[in-house]
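Trainee: Attaching a single structure in structure tokens format; questions to follow.
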Amino acid sequence: MSRLETFYDVMRRQGITRRSFLKYCSLTAAALGLGPAFAPRIAHAMETKPRTPVLWLHGLECTCCSESFIRSAHPLVKDVVLSMISLDYDDTLMAAAGHQAEAALEETMRKYKGEYILAVEGNPPLNEDGMFCIVGGKPFIEQLRHVAKDAKAVIAWGSCASWGCVQAARPNPTQAVPIHKVITDKPIVKVPGCPPIAEVMTGVITYMLTFGKLPELDRQGRPKMFYGQRIHDKCYRRPHFDAGQFVEHWDDEGARKGYCLYKVGCKGPTSYNACSTVRWNEGTSFPIQAGHGCIGCSEDGFWDKGSFYERLTTIPQFGIEKNADEIGAAVAGGVGAAIAAHAAVTAIKRLQNKGDRP
């Protein structure tokens with residue numbers, strides 16, 4: 001197996017000082033939600049561990065995961081792609097095309113057998129022997145199985161690879177399936193979202209490269225560090241929910257005052273993601289902050305769960321302190337009555353309080 005440069009080797013070759021390198025390690029620790037004590041461990045890993053070869057495949061998808069990934073700010077995607085990893089194949093970002101690109105894929109698989117990470121964006125269709133998605137003249141499902149067999153680990157980018165997403169929505173004429181239905185003998189890290197948050201994507205890669213292991217996963221295979229809590233739990237509109245202050249109609253007084261969007265379809269109470277903490281566009285905002293309810297794009301089968309603007313009505317009661325593992329997949333899948341009751345009771349109390357005022 002050929003030797004790869006370490007991340008620190010690459011940074012020194014680029015003229016980056018030791019001080020800047022240590023500063024980068026501190027910022028990386030902060031971006032991962034780790035304390036300052038982890039900065040030396042990250043620095044040691046960057047100095048001693050070789051850059052990991054990554055092969056990035058594309059199946060049925062819209063490329064929104066790649067679009068999100070290249071906009072990462074912490075760390076910058078240029079540092080990830082050019083220094084931290086060795087992105088040896090990605091037909092969307094690489095300069096080579098056609099036979100040259102496929103030759104690069106085969107060469108990396110041969111040189112780094114059992115050492116490379118497979119990243120998958122999109123999913124494979126099974127109908128008509130996979131002919132609904134062709135890459136390099138062959139069905140994508142063949143390429144996926146071929147590259148996965150010698151991978152050290154697999155990352156499923158986005159809801160397409162993790163759950164199936166819109167391609168697998170009813171009636172699913174191509175029989176698109178998530179990649180875990182095809183790859184059954186490799187560890188898979190699911191990073192759902194349509195698309196996932198940029199810093200979540202780079203954070204997962206950084207963790208794997210730094211600590212040499214998969215991040216802690218929940219029962220559905222998602223990193224707990226980013227998918228351990230509901231968006232509802234950390235939402236800045238949560239106090240309005242508890243106070244029974246809701247947007248009833250778009251552009252009503254409640255909407256203008258920034259009240260809770262639960263009654264106009266927000267799926268935050270049943271969606272596990274880091275949107276309300278990490279946010280989007282370098283931490284600028286997220287859909288709820290922009291005035292639109294969460295559509296639950298990181299959850300399994302969200303396209304087939306009714307209108308984006310339909311109020312949830314079957315959510316079982318569970319507290320803010322609960323996480324995905326404690327609640328379990330069954331509860332997270334069956335969604336609404338207690339929250340609906342809570343909303344009704346708090347609204348009635350508000351009306352009563354108004355009536356008591358002189």
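Using N, Cα and C of the backbone, Cβ positions are placed for all residues, glycine too.
From a predicted model like this one, the values you see are computed outputs, not experimental measurements.
Quick paste from Swiss-Prot:
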- Cys62, Cys65, Cys160, Cys194: [4Fe-4S] cluster 1 binding site (BINDING)
- His232, Cys235, Cys260, Cys266: [4Fe-4S] cluster 2 binding site (BINDING)
- Cys275, Cys294, Cys297: [3Fe-4S] cluster binding site (BINDING)
- 1-45: signal peptide (SIGNAL)
Trainee: Closest of the binding-site residues to Cys194 ([4Fe-4S] cluster 1 binding site), Cα to Cα, picking from His232, Cys260, Cys266, Cys275?
Mentor: Cys275
Trainee: I'd like to confirm something. Which of the binding-site residues, Cys62, Cys160, His232, Cys235, Cys266, has a Cα closest to the Cα of Cys294 ([3Fe-4S] cluster binding site)?
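Mentor: That would be Cys266, the closest of Cys62, Cys160, His232, Cys235, Cys266 to Cys294 ([3Fe-4S] cluster binding site).
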Trainee: Do you know which of the binding-site residues Cys160, Cys235, Cys275, Cys297 has the most other C-beta atoms within 10 angstroms of its C-beta?
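Mentor: Within the set of binding-site residues, the most crowded position is Cys160.
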Trainee: Determine, to the nearest whole angstrom, how far the Cα atom of Cys266 ([4Fe-4S] cluster 2 binding site) is from the Cα atom of Cys62 ([4Fe-4S] cluster 1 binding site).
Mentor: 24
Trainee: Just to verify a number: CA distance, Cys65 ([4Fe-4S] cluster 1 binding site) to Cys297 ([3Fe-4S] cluster binding site), in angstrom, no decimals.
Mentor: 13
Trainee: Taking the Cβ of His232 ([4Fe-4S] cluster 2 binding site) as the centre, how many other Cβ atoms fall within a 10 Å radius?
Mentor: 24
Trainee: Same chain, not part of Cys275, Cys294, Cys297: whose C-beta falls within 8 angstroms of the C-beta centre of the [3Fe-4S] cluster site? Give them in sequence order.
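Mentor: Other same-chain residues near the [3Fe-4S] cluster site: Gly193, Ile231, Lys267, Gly268, Ser271, Asn273, Phe286, Pro287, Ile288, Ile295, Gly296, Ser298.
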Trainee: Please report the DSSP secondary structure of Cys62 ([4Fe-4S] cluster 1 binding site), reduced to three states.
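Mentor: Going by the DSSP assignment, Cys62 ([4Fe-4S] cluster 1 binding site) belongs to neither helix nor strand, so it counts as coil.
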Trainee: Measure from the CA atom of Cys275 ([3Fe-4S] cluster binding site) to the CA atom of Cys235 ([4Fe-4S] cluster 2 binding site) and give the result in Å, rounded to a whole number.
Mentor: 9
Trainee: Which of these binding-site residues has the least crowded Cβ, counting other Cβ atoms within 10 Å: Cys62, Cys65, Cys260?
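Mentor: Ranked by other Cβ atoms within 10 Å, the binding-site residues Cys62, Cys65, Cys260 bottom out at Cys62.
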Trainee: Just checking, which of Cys194, Cys294 (binding-site residues) has the fewest C-beta atoms within 10 Å of its C-beta?
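Mentor: Ranked by other Cβ atoms within 10 Å, the binding-site residues Cys194, Cys294 bottom out at Cys194.
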Trainee: Measuring Cα to Cα, tell me the gap between Cys62 ([4Fe-4S] cluster 1 binding site) and His232 ([4Fe-4S] cluster 2 binding site) in whole angstrom.
Mentor: 28
Trainee: Hey, what's the Cβ neighbour count for Cys266 ([4Fe-4S] cluster 2 binding site) at 10 Å?
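Mentor: Total other Cβ atoms inside 10 Å, all chains included: 29.
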Trainee: Work through the binding-site residues one by one (Cys160, His232, Cys260) and name whichever has its CA nearest to the CA of Cys275 ([3Fe-4S] cluster binding site).
Mentor: His232
Trainee: Suppose the [4Fe-4S] cluster 1 site is Cys62, Cys65, Cys160, Cys194. Which further residues of the same chain have a Cβ inside 8 angstroms of that site's Cβ centroid?
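Mentor: Once Cys62, Cys65, Cys160, Cys194 are set aside, the remaining close residues are Glu61, Thr63, Cys64, Glu121, Gly122, Trp157, Gly158, Ser159, Cys165, Pro195.
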